[in-house]
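Written below as structure tokens is the structure these notes are about.
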Amino acid sequence: MTTLADLRTNYSRASLDAADVNPNPFVQFDVWFKEALDAQLPEPNTMTLATVDESGRPSARIVLIKGADERGFVFFTNYESRKGRELAHNPNAALLFYWIELERQVRVEGRIEKTSEEESDRYFASRPLGSRIGAWASEQSAVIESRALLEAREKEIGARFGENPPRPPHWGGYRLVPSSIEFWQGRPSRLHDRLLYTRDAASASGWKIARLAP
């Protein structure tokens, strides 16, 4: 019988070298993200968001990236959820993209800030009606007695707002402003390629690149 210790994959699809990447990590991220899209990976826009509470206990969950540019990586959520409360206490957070079919990871660390009200309004208005109603109906991370209560709340909100529910005041965007971005490419014998970008004011790109041991 196969045991967990016997499960392993030897990565061999590609390599990663500092001479071949863009000096700007946001441009390099865009290159890799487009390659994930071209490969038709399932939901390449998913990422793990890690936060910590006031006692230093970590928690992680999958969220969807909704924007990435020189300012940082954007996602939207309920500000009163567990992650929202933890980010209000400690804005340090980490993101992880894992594209297993390409044998790649991207690790991002930095500080969280809220997006502007205008950005949150604009994205909220673009969401499907059911998702906009759901943002009102769900008191995210709170204990509820049953799904029936959630569905009743959904109907109530739908009847109240009709086709145009406004953005709830407790719902909006966050932007992770990175201090470091690591690109990881799986290699044979676990000798993976890891390139770490960190901010460097003296560099023309504003970043420096270092190779890390696997």
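Heads up, the Cβ atoms here are built off N, Cα and C, so glycines get one too.
Taken from Swiss-Prot as is:
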type	residues	note
BINDING	Arg8, Thr9, Asn10, Tyr11, Lys66, Tyr123, Arg127, Ser131, Arg190, Leu191, His192	substrate binding site
BINDING	61-66, 76-77, 82-83, Gln105, 140-141, Trp184, Arg194	FMN binding site
### In the chain carrying Phe76 (FMN binding site), residues 6 or more apart in sequence that have Cβ under 8 angstroms from it
Lys66, Thr115, Ser120, Tyr123, Phe124, Trp171, Gly172, Gly173, Tyr174
### Message
What are the sequence-distant neighbours of Arg82 (FMN binding site), meaning same chain, six or more residues apart, C-beta distance under 8 angstroms?
### Response
Ser59, Gln140, Ser141
### Message
If I take the alpha carbons of Asn10 (substrate binding site) and Arg61 (FMN binding site), what is the distance between them in whole Å?
### Response
27
## Note on the structure
When the binding-site residues Val63, Ile65 are compared by other Cβ atoms within 10 Å, fewest goes to Val63
### Message
Quick check: in three-state DSSP terms, what is Arg8 (substrate binding site)?
### Response
coil
### Task
Please find, for Arg8, Thr9, Asn10, Tyr11, Lys66, Tyr123, Arg127, Ser131, Arg190, Leu191, His192 as listed binding substrate, the greatest distance between any two Cα atoms, in Å.
43
### Query
Reduced to three states, what secondary structure does DSSP give Arg190 (substrate binding site)?
helix
